[in-house]
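Participant: Please read through the structure below; I'll follow up with questions.
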């Protein structure tokens, strides 16, 4: 029994040694299909060697990954643009010569800090397509890499077209001589997306999940296919950016004639910087955003439970959203102001919009106009939620005209449906929109996918290129919890207000008419004590006189004792 235990321990030790790799004297030895963890430093570059390559292998794909520090992989010790690649996720394709059984790569980093890395070597036969084999855009002759670029709005990946496979010691098939079924134009490209756990920014987690996105079978089993491209399509795909959320992308090139596939080098992003001071990956929300969203959520929470009873507060909330949304879009598209300045101006404009809607109700009392604004705000949220579903990724909605017309029709449909029961419309808007403001506030402190229900619409209004982006977000444990909280707040607020308003007038009376009637009553009714109240000017003069008396010295009153006792 003890011999069996020793044997098991020896096997485990051997496996661990293979996984970590022997890096003594700057030398790493790899095995095909096995991930190797190692630490790369500026002072000690590494030499990676793969031995005992099978004779039926035509080309090798070597790749190295790190979290955010750059690494370099090269065919030669002297770095050249055509024989090396530098980045977080980089790889090289090596076309084997006849009888070649050993292959060598050189690894290094220019970062002053040690870089925890993971590397992998994959082998392919002559029937497999070659990722990046028809590269005409990037530096490498054969470039299997995905080039990723992101901003606040979208994340874009680009890659070089592949070529069909060929045997050792033969010339590669021409890339652009013909478009027949015997050329690379028959190839198809499947784009995959994989989400890391929400809120997990650890290096170990990333390197672990990258193993699920490197080989064809694992990519198909773990990730979600977002799009399929043909050789006629542009080799670039855009996605909505998710700051603070880790995402891994990869492309599988498929040869339908031979039914063979090969994977490009996976690439990852968090759509944020690990090294910036404000708005970094650990805390993606700015301080100004946190203050704004927190105050907005407090107002929304009050409206959620008491909006219909405090009708003017409800109107202020709706007017704030209505004018603030359009004002932010306007100043963002027309001015180069900084984000914090734009947010402050939006708060001022939103407050003005809220006061304007309250003033219009006080003076004119047009209930239909006020409820149209309330219904449009609720309709905006309903329409945004509709396009948050897979419906929003349909190709027809990549056209701005079709999208905005459909979006507006859905938003207008809500007030039209509820025009016969305005009180129910207002209570629904208070409960749903007011509780959603809490979701937006949560997003400034921790990532939640639910905030992108409205943020994606805002991005589309701000950036014309966003129309072509695929809108996909993770839905994990945090999102289920926040969705439950949102639903609980909305249902509680709606139920409470419906029960409280039972038997009450649907809406308060026109304030200006009440004020006018009260003024006429005081003028005509001399028995009313308020009739004898002095005019406002006299009351102000009287108060000023009383205040002045407080600062005057007491005057002497003459003799204070009687002369005669």
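Heads up, the Cβ atoms here are built off N, Cα and C, so glycines get one too.
According to Swiss-Prot, the record shows the following:
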- 22: N-linked glycosylation site (CARBOHYD)
- 56: N-linked glycosylation site (CARBOHYD)
- 70: N-linked glycosylation site (CARBOHYD)
- 259: N-linked glycosylation site (CARBOHYD)
- 1-21: signal peptide (SIGNAL)
- 287-307: transmembrane segment (TRANSMEM)
- 315-335: transmembrane segment (TRANSMEM)
- 341-361: transmembrane segment (TRANSMEM)
- 364-384: transmembrane segment (TRANSMEM)
- 402-422: transmembrane segment (TRANSMEM)
- 427-447: transmembrane segment (TRANSMEM)
- 478-498: transmembrane segment (TRANSMEM)
Participant: Which bits of the chain, at least 6 residues beyond where the transmembrane segment (478-498) starts or stops, bring a Cβ under 8 A of a Cβ in it?
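Facilitator: Distant contacts of the transmembrane segment (478-498): 198-199, 301, 304-309, 427-428, 430-432, 434-436, 438-439, 442, 446-450.
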Participant: What stretch, picked from 287-307, 315-335, 341-361, 364-384, has the most CB pairs under 8 A with the transmembrane segment (402-422)?
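Facilitator: Against the transmembrane segment (402-422), the leading stretch is 364-384.
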Participant: Using all protein chains in view, find how many other C-beta atoms are within 10 Å of the C-beta of residue 259 (N-linked glycosylation site).
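Facilitator: Around residue 259 (N-linked glycosylation site), other Cβ atoms within 10 Å: 8.
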Participant: May I ask whether the transmembrane segment (315-335) has at least three C-beta pairs under 8 Å with the transmembrane segment (341-361), counting pairs 6 or more apart in sequence?
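Facilitator: Result for the transmembrane segment (341-361) with the transmembrane segment (315-335) is yes.
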Participant: Return the residues near residue 70 (N-linked glycosylation site), defined as same-chain residues 6+ apart in sequence whose C-beta is under 8 angstroms from its C-beta, sorted by sequence, else 'none'.
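Facilitator: Long-range Cβ contacts: 86, 87, 88, 109, 110, 111.
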Participant: Using a Cβ cut-off of under 8 Å, list the residues of the same chain at least 6 residues beyond the transmembrane segment (427-447) that approach it.
Facilitator: 198-199, 242, 244-245, 284-285, 289-290, 293-294, 296-297, 299-305, 307-308, 314, 317-318, 321, 374-375, 377-378, 381, 418, 453-454, 478, 482, 485-486, 489-494, 497-498, 501
Participant: Do you know offhand how many angstrom separate residue 56 (N-linked glycosylation site) and residue 259 (N-linked glycosylation site) by C-alpha?
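Facilitator: Each residue's Cα considered, residue 56 (N-linked glycosylation site) and residue 259 (N-linked glycosylation site) end up 18 Å apart.
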Participant: What's the number of neighbouring CB atoms sitting within 10 A of the CB on residue 56 (N-linked glycosylation site)?
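Facilitator: I get 11 for this one.
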